[in-house]
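Student: So TrEMBL lists the following for this protein:
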- CYS306: active site, phosphocysteine intermediate (ACT_SITE)
- 94-474: domain 'Myotubularin phosphatase' (DOMAIN)
- 275-319: domain 'Tyrosine specific protein phosphatases' (DOMAIN)
- 1-24: signal peptide (SIGNAL)
Amino acid sequence: MTSLFTSSFCLLFPCLQILHHHIASVEKLSLTTSGCPLVIQCRNFRVVHFVIQRERDCHDVYSSLLRLLRPVCYEELYAFSYNPKQNDQQREEGWQLIDLGAEFERMGVPCDQWQLTDVNRDYKVCETYPRDLYVPVTASKPIIVGSSKFRSKGRFPVLTYFYQEKKAAVCRCSQPLSGFSARCLEDESMLQAISKANHNSRFLYVMDTRPKLNALANRAAGKGYENEDNYSNIRFQFVGIENIHVMRSSLQKLLEVTGTRSLSMSDYLVGLESSGWLRHIKAIVDAAVFLTRAVTVEGASVLVHCSDGWDRTAQVCALGALLMDPYYRTIKGFMVPATDASYYSIRGLYALRCDQLDGDPKEVSPIFTQFLECVWQLTEQFPQAFEFSEWFLLQIHEHVHSCQYGNFLGNNQRQREELQLRERTHSLWAFLMSEKRNHLNPFYSPAYSEAHPVLEPSTLPYHFKSVQLAPLLVAAYI
C-alpha cells in the first residue's frame with residue numbers, strides 16, 4: 001500500500017509532487033470494487049488519477065484539496081512561504097536581472113522624441129499602469145490626462161517598444177470611449193504627437209486586435225474604435241483575434257483531444273481543427289507580423305489596442321518585439337517581453353487570467369499559454385535564432401501557475417508594490433539563470449541573428465506544427 005500525503009503547499013506521492021496551486025479541479029468519483037477514484041486536473045495540463053481504498057479517506061483528501069487549491073488572498077500563495085535559502089542580497093540580485101529603465105535605454109529612450117513622464121507617479125491617472133511611462137516629448141500633462149479620460153480604464157497611449165533604426169514606435173492603449181460620434185481633442189492630439197515623433201513616416205497605424213464586428217458592438221456601449229475623420233494621418237487596421245472566452249473554450253477542446261487515449265491520427269487532426277487552437281495562434285502571429293513589417297519595412301509607428309489594452313494587445317506587442325529584436329530571443333532578453341516589461345508591467349489582470357485566487361472562472365483564459373505557444377512555433381521555424389530551448393518555455397509555463405515565485409503575481413505594478421513582492425518573494429529568473437545550461441538550444445547561432453535581426457515567419461497553415469506546446473506540456477509528465 002502506498003501513502004498519499006497533503007502538506008500546506010503540495011500533494012505528495014512517491015515520485016510525484018503536485019503543488020496545490022497547480023491543481024485546477026478535483027473530482028471524486030463513485031466507489032468501485034478497487035476503491036474510490038480521485039481525479040486531479042492541473043493547470044499545467046497534467047491529469048492524475050488516484051484510487052484510494054477507503055471512501056472516507058478519499059473524501060478527506062478531496063475536502064482538504066478543495067480548501068487548499070482556492071486561496072482567497074495573495075499571502076496564502078506558495079511564493080510567500082517558499083524559501084530557497086537565499087540571503088536578502090541574493091534575493092535582490094534575482095529581481096535586478098530585469099531593469100525596465102535600462103531596457104528603454106538599450107532601445108535609445110529617452111531621446112529627442114520620447115521622454116519619461118511622472119504623470120502617473122501616484123497611480124492617479126491610471127491605476128493599472130506602472131509609475132514610469134514614456135510618451136512623446138510634445139505630449140503635455142493636460143493632453144495625457146485628457147486622453148486617459150477618453151480611454152477605457154484610463155489606459156492612454158504609452159510607448160512599449162522603440163525601433164531605433166527607423167525611429168518608429170510601438171505604443172499601446174485601450175479602446176476609446178467614442179461610441180458613434182464622441183470625440184476628444186486631447187486624445188486626437190496624443191495620437192498626433194505619436195505620429196509626429198516619427199519623422200520617417202507621414203502616418204500612424206492604429207491596429208485594433210479585435211474582430212471588427214466585436215469593435216462595432218462596443219460602439220453601442222459607448223466605446224469602440226477611433227473615427228478616422230477625427231484623427232489626422234492615421235491608417236486603421238483590424239486583425240481579428242478572438243476574446244478570452246473563445247480562447248478558453250478552444251484550449252479546453254484541445255486538451256480533450258490530446259487527453260483521449262487510443263485516438264487515430266485522422267480523429268486527432270479533426271479534433272485539432274475543431275478546437276480552433278491553431279487558427280487562434282495563426283491570428284496572433286499574423287498580427288505580430290503585420291506590426292513588424294509596419295515598423296521595420298514601412299518605418300511607421302503603430303498604436304495597438306483591443307478593448308481594455310491587455311490580453312490581445314500584450315500578446316501582439318510582446319511577440320512583435322521578439323520578431324524585431326534579437327536580444328529578446330536570448331535567455332536573458334526573453335525575460336522582458338515574457339513578463340516584466342511589455343507583457344507584465346503594463347498588461348494587467350494577470351491574477352485573474354491565471355486563476356491565482358478564488359474568483360470568477362469566466363475571467364480565466366490561456367493568454368500567456370498562447371504567447372508561449374506562438375514563441376514555440378517561431379522556434380520551430382527559426383531554430384538558429386533562439387538561444388533557449390522548448391524546455392525553457394515549459395519551465396516558465398510551469399511556474400506561471402505554480403505561484404512559487406513572485407514574478408507573475410498580481411494584476412499590476414501598484415498591487416505588486418503593495419504586496420512587497422521584491423522583499424517577500426523570490427524571482428524565477430534567478431533560478432532559470434542558475435540553470436541556464438539546461439535551457440540552451442544547441443542550434444542557436446548568434447551569427448544567424450546578426451545576419452537576420454528581424455524575423456519574417458510564414459503564417460501559411462503548413463508552417464504551423466500540429467504538435468503544439470500544450471500537448472508537449474502533457475507529454476512532459478508521461
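Quick reminder: no glycine exception, Cβ is built from N, Cα and C everywhere.
So that I understand the layout, could you describe where these features sit and how close they are to other parts?
Tutor: The secondary structure of CYS306 (active site, phosphocysteine intermediate), as reduced to three states from DSSP, is coil rather than helix or strand.
Same-chain neighbours of the domain 'Tyrosine specific protein phosphatases' (275-319): 128, 151-153, 155, 157, 160-161, 163, 165-175, 191, 194-195, 197-198, 200-201, 203-210, 214, 218, 223, 237, 239-244, 246-247, 250-251, 253-254, 257, 337-338, 342-343, 346-349, 353, 365, 367, 370-371, 373-375, 377-378, 454-457, 459, 461, 464, 466, 468, 470, counting only residues six or more beyond its ends whose CB sits under 8 Å from a CB of the stretch.
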Student: Around CYS306 (active site, phosphocysteine intermediate), how many other C-beta atoms are within 10 angstroms of its C-beta?
Tutor: 26
